[in-house]
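Per TrEMBL, Zn(2+) binding site is recorded for Cys41, Asp43, His102, Cys105.
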Amino acid sequence: MPDELLQRLRRFHDDAFPRYRQRFQDLVAQGQRPTTLFIGCSDSRLVPHLLTGTGPGELFLVRNVGAFVPPCDGSHGHHGTAAAIEFAVLSLQVRRIVVCGHSHCGAVKALYGEVPAEALNLQRWLELGREAVLPVQATPEALRRTEQRAVVLQLERLMDYPMVRRRVQAGELTLHGWHYVIEEGEVHVFDLEQAGFVAASSADHSGTGPYAPYVEHDGQVLCADVDIAQCGAPAQE
């Protein structure tokens, strides 16, 4: 049986690399200077470079199950995502952070179901999205809303990182929440003023992050600081 991976590696070296040779040589000589930290789900249907039209050296990529952001205090144990955030903000001085969730997310679906007993790390990891869960059945609409709510919760958690908050407040860093609808090829960007997600094809910007608690457009509370029982509940007058 042919070794498909080996064939692809050879194809890259022989066909693709020559087109980018000078670019890679410049990145080696001058070092990487990506402008954007892209935190995306590990789902194979989400392809960041294809989605953003970027090339080598433009995106600093972090991918994990659910596109979740762990607490900055290390309470979730050793974690590469937290280290990557610190490195991107402090060392690479990125100007943008994108958190990108997507439709039909297995991590979000798992929040409403069961996880294999032996998947101990996955069980613990999924708790980072627990606050986004709605107190309803896992209908397609509920899953879509949970996917979007999870993106916003990660943006809020990013603001707990001192270096992120400092640079955001100084106007040196912006946060962007995206929800990619796979079957439509459309990214919906989070708009703080509209308290919801807007299709990029009709949006005025590439997304704004929440720097304070907010209420969703239909009057539901979405805030990492409130009791979990309130999440998805009607807002108080």
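Backbone N, Cα and C define each Cβ position, glycine as well.
Using the Cβ center of Cys41, Asp43, His102, Cys105 for Zn(2+), the list of other same-chain residues with Cβ within 8 Å runs, in sequence order, Gly40, Ser42, Arg45, Leu46, Gly66, Ala67, Gly101, Ser103, His104, Gly106, Ala107, Val108, Glu147, Tyr180. In the three-state DSSP assignment, the secondary structure recorded for Asp43 (Zn(2+) binding site) is coil. The most densely surrounded of the binding-site residues His102, Cys105, judged by C-beta neighbours within 10 angstroms, is Cys105. According to DSSP, Cys105 (Zn(2+) binding site) sits in a coil region rather than a helix or strand.
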